[in-house]
């Protein structure tokens, strides 16, 4: 009999990833009521209502300029790729079961969102407003939200307390907006006690954001202008597992001696920065991306989380450093790979130079 061993970190990645990649059908199967027969099967003429999926309404890619009246039976509403500018209360009067709204790629502005219309959708779990014309995070929001996607808008402001009641939110995506450091205050993310993924990539940040929720597992800060990691910054987010800081302005001087020596971090991405040496890492780290920096040499003795002698004595089954993937291309390093790297990181499966 063959025994399959699953790496704990890969299992964690699978579990975290599954939270955000469930299909609509899977969510439907979990939440589907036992009987839909008491609802009439009306369908707006602009939309498509699949008989096999009676609580879904597909109005995407129809050139719509306004939201049609939503039947009471609908849980999943697809309105992406239209010309919609406003979200008013009238179309949602009967839509008391809505769980999922996709309004990506429209022309919605903050002024176009009627006051209180979103917060009245008491059962809404997933709200997609990517690729619109928003200049601030809309408020108030439904208190039961689990995912809020606001990428690729023009957001430069986050109203005070807008997230304070969103205790169930697990994912917040604000990437590719116009956020400055001043938009992220110490209490901006207060109340997001369940948050697992925070994406603030492709904004205009120069500093690490303040007061990241303590339960955050994935933090994406790529494509900003961050220069410094504050001392003990990650002690406030002790569960962070995946950290992306690619395409910033980090230098050796901007990283404290043990800035990334945090036991929870399994995947660390620092590509396209200004580093000349490899920063200290923890023994649990499995993936390290340092490509396209200014690194000229690699000293395994210096970067090994344990002494080389100890690593050599541990052997294959010992408590050795867990690094499996190391990317160093785009630097000034020439092959071959130093022997002390291989002695220290005995689980390495790939080194890209």
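Even glycines carry a Cβ here, placed using N, Cα and C.
According to Swiss-Prot, the protein carries these features:
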DISULFID  43-49  disulfide bond
DISULFID  47-59  disulfide bond
DISULFID  304-344  disulfide bond
CARBOHYD  94  N-linked glycosylation site
CARBOHYD  168  N-linked glycosylation site
CARBOHYD  223  N-linked glycosylation site
CARBOHYD  261  N-linked glycosylation site
CARBOHYD  299  N-linked glycosylation site
REPEAT    123-143  repeat 'LRR 3'
REPEAT    194-214  repeat 'LRR 6'
REPEAT    284-305  repeat 'LRR 10'
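For the repeat 'LRR 6' (194-214), the model's pLDDT averages out at 98.
According to its DSSP assignment, residue 344 (disulfide bond) is helical. Look at residue 168 (N-linked glycosylation site): DSSP puts it in coil.
In the set 94, 168, 223, 261, 299, 304, none of the recorded positions has a C-alpha within 10 Å of the C-alpha of residue 59 (disulfide bond).
Checked against residue 299 (N-linked glycosylation site) by C-alpha proximity, the recorded positions 94, 223, 261, 344 yield 344 as the nearest. If you take the Cα of residue 344 (disulfide bond) and the Cα of residue 47 (disulfide bond), they are about 60 angstrom apart, rounded to a whole number. A gap of 11 Å separates the Cα atoms of residue 304 (disulfide bond) and residue 261 (N-linked glycosylation site).
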